[in-house]
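Right, one structure below, let's go through it.
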Amino acid sequence: MQAQSLAEVTVISKAAAVIVAAGRGERAGQSAEGPKQYRLIGAEAVLARTLRAFTDCPLIGTIAVVIHPDDHALYRRAVPEKHENVILVTGGPTRQESTRLGLLALKDEAPQYVLIHDGVRPFIGQDLLERIIANLTPDNGVLPALAVSDTLKRAAADGMVETTISRTGLFAAQTPQAFPYAPILDAHEKAFAINRTDFTDDAAIAEWQEIAVRIIEGSADNTKLTWAKDIEMADKRLRQDHAVFPDIRTGNGYDVHSFEPGDHVTLCGVKIPHEAKLNGHSDADVALHALTDALLATRGAGDIGTHFPPSDPQWKGAASRIFIEHAAKIVREAGGRIANVDVTLISEAPKIGPHRAAMTQALCDMLGIAADRVSIKATTNEKLGFVGRREGIAAIATATVIYPGEVPE
């Protein structure tokens with residue numbers, strides 16, 4: 001059967017994908033950032049860059065990302081965006097088993113084709129993805145590979161050269177390796193059933209089960225990050241590619257709410273016992289309201305009242321988490337990354353200190369950023385003005401966001 005055109009593939013079915021990212025990356029050494037798939041290259045986690053290549057491809061539907069059971073927090077930090085077509089799968093003790101579990105997670109959907117990719121190949125390009133899918137048929141899988149160009153030597157046990165190996169017909173395999181879904185799942189299940197764990201890639205399992213695999217030209221850019229030096233070179237490459245003055249934007253927000261009878265206030269999404277509550281159309285979370293305005297300001301996107309007018313009854317009593325997550329979504333959709341948020345609460349009471357850790361964590365969860373990028377401070381008004389008279393609470397917020405591109409001249 002001949003390879004299909006991209007248009008034909010799009011009409012017939014979107015391919016699914018399995019991104020395998022459950023390894024420990026021991027050869028890359030230890031890092032405070034975690035295993036190598038979570039290390040930063042060009043200020044972005046390796047896995048986040050890898051995943052984006054697949055979410056950006058219109059020919060790919062559901063994506064199963066297979067991660068280690070201990071890595072859920074690392075994943076949320078690396079990939080704060082929520083993608084409707086991405087599912088998280090807990091991996092197994094080996095890459096082969098993690099791949100099988102990723103394939104099983106797609107079983108109810110039963111896609112026509114599936115691409116299986118290493119999570120630490122972050123430079124996979126759209127052209128290669130499209131060529132792989134275009135060459136898939138129900139009768140064959142596709143393996144991107146590069147013809148071996150270096151002279152190959154076989155060494156004896158003592159390290160001395162034993163013989164030279166012909167390069168003719170030899171290729172270095174890459175990923176994603178793509179297959180008709182049902183046959184490759186069946187092959188993995190058969191290997192699992194007899195405890196065969198010695199396959200070095202998915203194409204080898206396909207060969208074992210006599211699934212035809214077509215080799216197409218891979219990409220020299222599509223390198224696998226194995227060693228610490230690979231990660232260093234990848235980071236250097238990206239920084240050189242983007243050696244321009246970054247588009248760093250800062251937004252400010254201010255809000256104030258008065259007290260009324262009640263038994264708690266809500267600040268940064270955390271309920272704090274108090275002798276009064278804040279008066280407002282929503283939950284009156286003065287901190288989140290100020291921060292929402294600050295984030296919107298980095299896009300010139302108006303203020304909280306523009307997006308959630310107090311005249312609209314649907315926002316009566318609403319949790320302000322809705323507002324801040326909406327603002328963060330606007331930032332992300334523009335390619336922005338939140339570098340830092342700073343909130344200052346101005347109040348005589350209640351005391352903020354005992355609740356600062358919970359408030360910080362709440363903001364981390366809402367914005368998908370690390371705790372060292374969140375600052376929450378409190379001060380009194382030295383008994384001056386409405387704050388000094390304990391009539392309400394004010395908040396000032398600042399957000400710093402990095403957007404793609406450079407500052408225009």
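The backbone N, Cα and C atoms fix where each Cβ goes, glycine too.
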Starting from the divalent metal cation binding annotation in Swiss-Prot that includes Asp255, His257, which of His188, His289, His307 is the extra site residue? His289
Let me know the most crowded of the recorded sites, choosing from Lys36, Arg167 and counting other Cβ atoms within 10 Å. Lys36
List the residues of the same chain that sit at least 6 positions away from Thr379 (4-CDP-2-C-methyl-D-erythritol 2-phosphate binding site) in sequence and have their Cβ under 8 Å from its Cβ, in sequence order, or write 'none'. Thr344, Leu345, Ile346
As a test of the contact definition, list every same-chain residue at least 6 positions from Asn381 (4-CDP-2-C-methyl-D-erythritol 2-phosphate binding site) whose Cβ is closer than 8 Å to its Cβ. Ile346, Ser347, Glu348, Val387, Gly388
Non-local Cβ contacts of His257 (divalent metal cation binding site) (under 8 Å, 6 or more apart, same chain)? Leu278, Asn279, Gly280, Ala284, Val286, His289, Gly392, Ile393
How many other Cβ atoms are found within 10 Å of the Cβ atom of Asp255 (divalent metal cation binding site), counting all protein chains shown? 22
